[in-house]
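Asker: One structure follows; several queries about it will come next.
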Amino acid sequence: AIYVTAIFPYLVLTIFLIHGLSLPGATDGLAYLFTPNLSSLKNPRIWLDAATQIFFSLSLGFGGLIAFSSYNPPKNDCEKDAVTVAIVNSMTSLYASIPVFSVLGFKATTAYWDCLDRNIISIINEFDLPEESIMRQNYTAWISFLNSSHPEKIAGLKLKSCDLQEFLDQSVSGTGLAFIIFTQAIVLMPGSQAWAILFFIMLFSLGLSSMFGNIEGVFTPLLELRIISKSIPKELLSGIICLICFLVALCFTLGSGSYWIDIFDRYAGSLPLLVIAFFEVIGVAYVYKIKRFNKDVKWMTGRKPNLYWQITWRFISPLLLLIVFVAFVTLQIQKSPSYAAWNPKYVCFPMKEEKVYPPWVLAICVLLAVLPCVFVPLVALFHLIKRMRRSKDPSFVPPEVFSCQGPNS
């Protein structure tokens with residue numbers, strides 16, 4: 001199943017790449033993709049979104065990678081696997097962005113041309129000019145001429161401002177990219193029905209392959225920690241987990257579903273991952289101790305982790321995670337959480353209206369952010385109390401004593 005769900009999206013992306021590059025406006029979309037907007041780097045939300053994207057694409061903090069790796073042989077080269085996964089993930093993201101933005105460039109160019117055509121028709125009708133006297137190519141020259149000769153008439157027409165850059169900016173809108181913006185672009189493509197079927201089968205495959213890892217991240221600990229008896233059939237346990245996920249996900253099918261997706265994405269799928277990953281790094285580097293971890297890796301791979309790994313594990317990774325977390329919390333304190341709403345009565349419709357979340361939704365947001373994180377200190381406290389009780393037991397022998405005894409003890 002993994003071979004099918006993992007390879008099929010690459011095939012579809014390649015087909016979209018070949019077709020997308022042949023569409024008008026593809027070069028504008030690619031130029032928009034590879035032209036950095038340095039001013040956006042000052043926004044902490046951008047960094048949180050970038051961190052969240054890496055967590056999602058690498059499946060970090062979900063437990064899926066740890067669950068999968070638990071089935072590896074003890075002498076597996078885990079360093080090679082980690083580097084391979086990271087490189088393949090980054091190259092895939094770059095490869096996928098090219099067909100996506102070539103199609104988005106086509107959509108933006110089509111919308112730009114439609115805007116120009118509407119303005120041209122209005123001008124031709126107003127000034128009774130011959131058809132095709134004003135073309136897209138000479139539109140700017142005509143506007144400059146008419147603005148200087150008949151400014152009152154031009155002002156009375158209330159022409160739309162046609163800027164390709166604005167249409168490109170509208171093309172990127174978070175979770176709506178796949179289900180709204182990209183699908184609108186597919187509708188404009190020749191043979192749109194076939195492209196739509198192909199695109200949504202690809203999304204379905206991607207969703208399935210992602211859920212394999214997520215379900216495994218829940219499934220494996222339940223069995224390994226003996227929370228659930230191993231006598232229960234694995235198929236039944238998988239079915240129960242999927243059923244619970246299905247019931248929770250029903251809220252996304254409501255009329256307000258897109259807003260709930262945004263809430264879960266922003267608060268349940270971003271901030272908790274940062275906190276969980278931070279405690280994972282701290283737990284390995286400073287609680288389990290980095291020297292012990294290095295010995296484990298050397299025993300597995302036959303070589304000690306180099307200086308790069310040492311510095312990132314001890315300092316860079318926890319520091320970056322902490323900085324992004326503090327920046328996000330600071331940003332939330334300074335500004336009330338808000339969302340972009342589709343409101344036909346809004347003055348600037350079809351642009352989205354910015355609204356503040358009501359108090360009951362804010363309570364849900366806090367719950368979604370806190371609930372996954374609170375188990376880290378709770379479980380730590382549970383084990384601390386358990387260890388203290390065992391240490392008071394006269395029959396308790398610390399693990400260090402066994403490590404000092406001989407093999408026959």
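For all residues, glycine too, the Cβ spot is worked out from N, Cα and C.
TrEMBL lists these features:
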TRANSMEM  6-34  transmembrane segment
TRANSMEM  46-71  transmembrane segment
BINDING   Ser57, Asn89, Leu206, Ser210  Na(+) binding site
TRANSMEM  83-106  transmembrane segment
TRANSMEM  167-188  transmembrane segment
TRANSMEM  194-215  transmembrane segment
TRANSMEM  236-261  transmembrane segment
TRANSMEM  267-290  transmembrane segment
TRANSMEM  311-333  transmembrane segment
TRANSMEM  360-385  transmembrane segment
Asker: Hey, which bits of the same chain come close to the transmembrane segment (6-34), Cβ under 8 Å, at least six residues off its ends?
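Answerer: Tertiary neighbours of the transmembrane segment (6-34) are 92, 95-110, 112, 164, 168, 171, 189, 195, 198-199, 201-202, 205-206, 209.
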Asker: Under an 8 Å Cβ to Cβ limit, what residues of the same chain, 6 or more beyond the ends of the transmembrane segment (83-106), are close to it?
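Answerer: Residues 10, 13, 16-17, 20-21, 23-33, 57-58, 65, 168, 171-172, 177, 181-182, 185-186, 188-189 contact the transmembrane segment (83-106) from elsewhere in the chain.
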Asker: Can you name the far-off residues of the same chain, 6+ from the ends of the transmembrane segment (311-333), with a Cβ under 8 Å from a Cβ of it?
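Answerer: Same-chain contacts beyond the ends: 44-45, 47-48, 51, 271, 274-275, 277-278, 281-282, 284-285, 290, 293, 305.
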Asker: Should anything in the same chain at least six residues away from the transmembrane segment (46-71) have a Cβ under 8 Å from its Cβ atoms, list it; otherwise answer none.
Answerer: 40, 78, 81, 85-86, 89, 92-93, 210, 212-214, 216-221, 224, 265, 269-274, 276-277, 280, 321, 324, 327-328
Asker: Taking 10 A as the limit, how many CB atoms besides its own sit near the CB of Leu206 (Na(+) binding site)?
Answerer: 17
Asker: Within the same chain, and leaving aside Ser57, Asn89, Leu206, Ser210, name every residue whose CB is within 8 angstroms of the centroid of the CB atoms belonging to the recorded Na(+) site, in sequence order.
Answerer: Phe56, Leu58, Ser59, Thr92, Ser209
Asker: For Ser57 (Na(+) binding site), write down the residues of its own chain that are at least 6 apart in sequence and whose Cβ falls under 8 Å from its Cβ; none is a fine answer.
Answerer: Asn89, Thr92, Ser93
Asker: Restricting to the same chain and to sequence separations of six or more, state which residues have a Cβ under 8 Å from that of Ser210 (Na(+) binding site).
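Answerer: In sequence order, Ser59 meet the Cβ cut-off.
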